[in-house]
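Structure record follows, encoded as structure tokens.
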Amino acid sequence: MLDIFRGLKSLVKISHVNTDSPVFRLHYSITVIILMSFSLIVTTRQYVGNPIDCVHTKDIPADVLNTYCWIHSTFALKSLFLKEVGKDVPYPGVGNSAEATAADKKIYKYYQWVCFCLFFQAILFYTPRWLWKSWEGGKIHALMMDLDIGICSEIEKKQKKKLLLDYLWDNLRYHNWWAYRYYVCEFLSLCNVIGQMFLMNRFFDGEFMTFGLDVITHMEADQEDRMDPMIYIFPRMTKCTFYKYGVSGEVERHDAICILPLNVVNEKIYIFLWFWFIILTILTTLTIFYRIIIIFSPRMRVYLLRLRFRLVRRDAIEIIVRRSKMGDWFLLYRLGENLDSIIFRDVMQDLANRLHNNQHHRVPGMKGEIQDA
């Protein structure tokens, strides 16, 4: 079991080359590890232990009844969830169902699919990362040329800096499409986490979207007057109806009480995922707004470069941003996070000097204004 968990580290191994943002990494690293771990836990509990244990008379073999109720779902009665336990009902939602209507029955058929659903969710969270990794194509790593460690001879260092500078000079204003692909991947991450909230809401018959809020409300209110949302969605005890032929050839109905110990685990998993997905949604939404500001505000690009790379002179940053486009800014920002700070400062200064002394890359615009993307 521990070996399996250790194997997850290689699945979402984070490269020493930084090509994305911390929020983006939360989606494909932390979240994937969480979902895969939960899937393994549920799978282990489901196939190693007893995920369901139904109680009935000896007329029906226990393994037959357990298998039937596991496959064909169980149910509880909505009208009995607010009844007093120990007096009116043995457990919330469990009672006499002989005259219960179909509308009063709360059917539970999700539990055998939880481990597969969690695994599928993990794949969806990793998909934007896989897409960006394919589109990025190792560009940052190739341009670094081991200049991130800064330990090489001065001659070799000058040669590599000149190669990097020549690339930036020859390809200036040609990186917009490359940057927009990354922004698309961040937007896909936002769509994914929101879509998964709706997916789980459908998975739990419309009960998941407000699950976390309902739990908080229940904890703050008088619990005798409110239905526990965790017990309602993840009951520990339910009912199952089994039909078989009697000795006379007539169909006999048998009601069984089923214990679902796996729901103790499922309850904790999904209350955590609800809050985690809300946090991811908020952070990713803020990131998208941040990207929009960067696209339309060159002055913000200048400010961010100055804030992040303080060794680079302000006039050099302003010249580069004025003569380049948004995609170039994105590439330089990514390079700055990976290169040795002194080397990055030198490259930026050399690029600014070359732009200042040569009008070949001048972008038409209003005099005195920083050129828009």
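Placed from the backbone N, Cα and C atoms, the Cβ positions cover glycine too.
Taken straight from Swiss-Prot:
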type	residues	note
TOPO_DOM	1-21	topological domain 'Cytoplasmic'
TRANSMEM	22-42	transmembrane segment
TOPO_DOM	43-106	topological domain 'Extracellular'
TRANSMEM	107-127	transmembrane segment
TOPO_DOM	128-176	topological domain 'Cytoplasmic'
TRANSMEM	177-199	transmembrane segment
TOPO_DOM	200-268	topological domain 'Extracellular'
TRANSMEM	269-289	transmembrane segment
TOPO_DOM	290-373	topological domain 'Cytoplasmic'
Quick one: average pLDDT across the topological domain 'Extracellular' (43-106), no decimals.
85
Short question: which residues 6 or more past the ends of the transmembrane segment (269-289) have a Cβ under 8 Å from it?
21, 23-24, 26-27, 31, 34-35, 38, 41-42, 114, 118, 186-187, 189-190, 193-194, 196-197, 200, 204, 208, 211-212, 215, 230, 233-234
So if I exclude everything within five residues of the ends of the transmembrane segment (107-127), which remaining residues of that chain have a CB under 8 angstroms from its CBs? That is, six or more out.
12, 27-28, 31-32, 35-36, 38-39, 42-43, 46, 51-52, 70-71, 73-76, 188-189, 192-193, 196, 199-200, 203-205, 235, 238, 260, 262-263, 266, 269
Number of helical, extended and coil residues in the topological domain 'Extracellular' (200-268), per DSSP:
26 helix, 18 strand, 25 coil
Quick check on the topological domain 'Cytoplasmic' (290-373): DSSP residue counts for helix, strand, coil, in that order please.
58 helix, 0 strand, 26 coil
